[in-house]
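Engineer: This is the structure, below, for whatever I ask next.
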Amino acid sequence: MPSLRPVLFRGARAALLLLLPPRLLARPSLLLRRPLSAPSCAPISLPAAASRSSVDGAGAEEVLAPLRLAVRQQGDLVRKLKEDKAPQVDVDKAVAELKARKRVLEAKELALQPKDDIVDRAKMEDTLKRRFFYDQAFAIYGGVSGLYDFGPVGCALKNNIIQTWRQHFIQEEQILEIDCTMLTPEPVLKTSGHVDKFADFMVKDVKNGECFRADHLLKAHLQKLMSDKKCSVEKKSEMESVLAQLDNYGQQELADLFVNYNVKSPITGNDLSPPVSFNLMFKTFIGPGGNMPGYLRPETAQGIFLNFKRLLEFNQGKLPFAAAQIGNSFRNEISPRSGLIRVREFTMAEIEHFVDPSEKDHPKFQNVADLHLYLYSAKAQVSGQSARKMRLGDAVEQGVINNTVLGYFIGRIYLYLTKVGISPDKLRFRQHMENEMAHYACDCWDAESKTSYGWIEIVGCADRSCYDLSCHARATKVPLVAEKPLKEPKTVNVVQFEPNKGAIGKAYKKDAKLVMEYLAICDECYITEMEMLLNEKGEFTIETEGKTFQLTKDMVNVKRFQKTLYVEEVVPNVIEPSFGLGRIMYTVFEHTFHVREGDEQRTFFSFPAVVAPFKCSVLPLSQNQEFMPFVKELSEALTRHGVSHKVDDSSGSIGRRYARTDEIGVAFGVTIDFDTVNKTPHTATLRDRDSMRQIRAEVSELPSIVRDLANGNITWADVEARYPLFEGQETGKKETIEE
């Protein structure tokens, strides 16, 4: 144990240097240049050598090998400390160091990716803003950070992503959809744990009141100090140790660090207030009296849990079943950033799959068992390994994924995300380590996408066990359970209190109900203990809802009897896939954004047709009136077929109009040209956005072709196999005018 201890407290960078071979130490360009605490969601500043696309797989692995070793050694240390039942403070420090080393490894992996694999974010964001996909809310008043308005194109894309979600999950799985209020009384969120645990530490500029998240500000300040050439090796090592443990500091420890490192406001240079705990929920009061505090909901899940009994009744009392809700949630982020990735109001789509804890098998798992996807298990993370592509069925068989219900939803999530435009090669499922788990979860896998910000969580798939239902049942005294028929009846011994309602009512008046409710939910062990006190002392004391009551023999006795059971009560476990639709949208933007080869100014989004904001455009080649009947005919037919489309009859060249529609991701384009007008049967061209190839078909056929393409019933390859490629017009403007 003593030989392991120095690694625990030494600066992480120094520890890593000790693990590097001399050959790499002689090549400083290959060493890590970013601070250890660089988060996986922070923009990566690539080292010169590592950013070259010429670094091959073997060369990259040579750089990564010592970092993997450092993570593996720290993971071994964490395991040993836990096995030896070391003090919790030592375990926490070791875990913090492990997380820091993981971040270093991941940052380096991202830095070594090919240069052409990184989207030009500035160019993409310019396109999004210029074409009004979305923009900052209240912009003409200066805007409010963390709040966004979606324009026509962004709104259509978002609605299509939601509609695809409904079809993929709610319709396919026959999930029960509900729509609950966004206002939530305080007791509900007190019970769920959000009031006590949903908080961050915050500091304020003492002069202008501007707020900053304390850990983020301290991290940025220390990174700035460490980048100074005058900063000594000892000082850097000290600051790296601070950064490695940043997640574990309490309020007073953070306050001391702000003083020690003289942290000021990064905007004004003013002094900062001491850190205070800041709850991330938006607080309000329900009703004019101000007597009922409440919050805007931080998640949609609680509404489903509170309606569990009604949903169970709707499902004829049977398990398993699932309920879902799509709606807005709110988190009062201290310093929102990174566009749609961290906002204060966001749309969520959540599923709560209620299942018997003894029967966590999904009958449809074989439908997804053969999928191959990248899995990043907790074991791989602490061993310094990368995500590994695995067959989903093998992952469940080998115990990487706990059960087929969780495995089934991971597979369905993968299929949905790739359907809406997320690249399978930039998508992984990462298992939470034990110290990362939310207060309500016993296992959790996040779908993470690789973006220019690094790996970001876009979907969480948590096994919430029976946490929420049990908490709400205890708080409300309402049993949130399902009844499970027994294969054979069984006889059980029952022990319960038998209260004397008259005596209790006389003694405690209006509080008698509290006493009766408490006695009704006591378990056998507690009742037996209180019975002994009754026999010995003639009384015992109970405490409920902050009040104490003394009960005597004339108020209560204990009843024992046998009971034959035909059903047993089960508190269901809950598997919860939770989708952040804003983050999914942002990932789709990055993964589908392209620049036309040979023309840096022509950008386009290759949205899959199923979610494209417009399925096709209708483009008359000329403004001649003879073209207008065909425009009208096509537009009306497309509408009848349920195909969203955009008519562009402006005077610009056809190439420029193609570029405009490509820029907003219109999947296909119908062009009415001179052959359409001059020849019978009347035909028009259909253009594919991504390949820019065109076919020619009769005008009457085109709406159904576009509909089938948009619904995924056929592919562009199918269309090209059935219809002739368009090579060029056979007639021109002159013939049209003469006619």
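Including glycine, each Cβ sits where the backbone N, Cα and C put it.
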Engineer: Look at the glycine binding annotation in Swiss-Prot, where GLU299, GLU576, PRO577, SER578 are given, and name the residue from GLU350, GLU524, GLU626, GLU633 listed for that site too.
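Structural biologist: Record source Swiss-Prot; matching candidate: GLU350.
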Engineer: Taking ARG166, ARG583, ARG596, ARG602 as the options, which does Swiss-Prot list with ARG331, ASN332, GLU333, ARG342, VAL343, GLU457, ILE458 at the ATP site?
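Structural biologist: Record check against Swiss-Prot: ATP site with ARG331, ASN332, GLU333, ARG342, VAL343, GLU457, ILE458, extra candidate from ARG166, ARG583, ARG596, ARG602 is ARG583.
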Engineer: Applying the rule Cβ within 8 Å of the centroid of the Cβ atoms of GLU299, GLU350, GLU576, PRO577, SER578, what extra residues of the same chain belong around the glycine site?
Structural biologist: THR300, ALA301, MET348, ALA349, ILE351, GLU352, GLY460, ALA462, PHE579
Engineer: What recorded positions in the list GLU299, GLU350, TYR453, PRO577, SER578, SER700 lie within 10 angstroms of ARG331 (ATP binding site), counting C-alpha atoms?
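Structural biologist: Checking Cα-Cα distances against ARG331 (ATP binding site), the recorded positions within 10 Å turn out to be GLU299.
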Engineer: Pick from VAL343, ILE458: which of these binding-site residues has the biggest number of other Cβ atoms within 10 Å of its Cβ?
Structural biologist: ILE458
Engineer: Given the recorded positions GLU350, TYR453, GLU576, PRO577, SER578, SER700, tell me which ones have a C-alpha lying within 10 Å of the C-alpha of VAL343 (ATP binding site).
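Structural biologist: So the list reads none.
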Engineer: Quick one: of the recorded positions GLU299, GLU350, TYR453, which has its CA closest to the CA of GLU333 (ATP binding site)?
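Structural biologist: Result for GLU333 (ATP binding site): the nearest of the recorded positions is GLU299.
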Engineer: Taking the Cβ of GLU576 (glycine binding site) as the reference point, list residues of the same chain whose Cβ is under 8 angstroms away and which are at least six residues distant in sequence.
Structural biologist: ALA301, GLU350, ILE351, GLU352, HIS353, GLY460, CYS461, ALA462, ASP463, ARG464
